[in-house]
Amino acid sequence: GKSRDVKTVVILLFAVCNICRSPIAEAVFRKLVVDENIENKWRIDSAATSTYEIGNPPDYRGQACMRKHGITMNHIARQVTKDDFLTFDYIFCMDESNLRDLKRKGNQVKNCKAKIELLGSYDPLKQIIIEDPYYGNEEDFETVYEQCVRCCKAFLEKCH
């Protein structure tokens with residue numbers, strides 16, 4: 001009913017370093033909800049499991065890819081916190097090792113409310129894993145972008 005519409009759904013997107021896949025997913029998700037005029041119902045963020053890139057902007061190739069699609073990225077890498085497991089409704093991971101890490105961390109948090117899933121599990125084309133493009137080329141970033149678009153759209157449709 002109506003009351004559910006008011007609830008803000010909070011999404012956290014995860015990868016190891018939070019400079020390639022997760023900020024792309026975050027930016028894609030944000031663009032989709034803005035386009036549908038529902039951005040006030042969502043809080044979207046992304047974070048890392050590791051500390052390598054904390055404080056850094058997204059990978060320049062990812063930024064170039066997003067620019068090409070007319071999407072802005074303003075993310076600065078941060079690491080997951082205990083609070084994330086208590087405040088976010090969904091935590092989406094990019095691959096199986098992310099998922100394992102996060103489930104392990106989530107298990108250590110009392111009252112973990114987040115539903116921890118692979119973002120790729122929503123992909124209509126069933127490409128479950130969103131591969132890290134860091135050592136790849138522009139095409140790999142493009143693939144990540146397309147996967148994120150498909151998954152986020154499918155997730156949003158399911159949520160509506």
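Glycine residues also receive a Cβ, built from the backbone N, Cα and C atoms like all the rest.
Sequence-distant contacts (6 or more apart, same chain, Cβ under 8 Å) of Arg21 (active site) comprise Leu13, Ala15, Met94, Ile130, Asp132, Pro133, Val144, Cys148. Annotated active site per TrEMBL: Arg21, in sequence order.
According to TrEMBL, the feature active site, proton donor maps to Asp132.
Residues or ranges marked as domain 'Phosphotyrosine protein phosphatase I' by TrEMBL: 10-158.
Among the features that TrEMBL reports, signal peptide is placed at 1-27.
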If you count the other CB atoms within 10 A of the CB of Asp132 (active site, proton donor), including all protein chains displayed, you should get 18
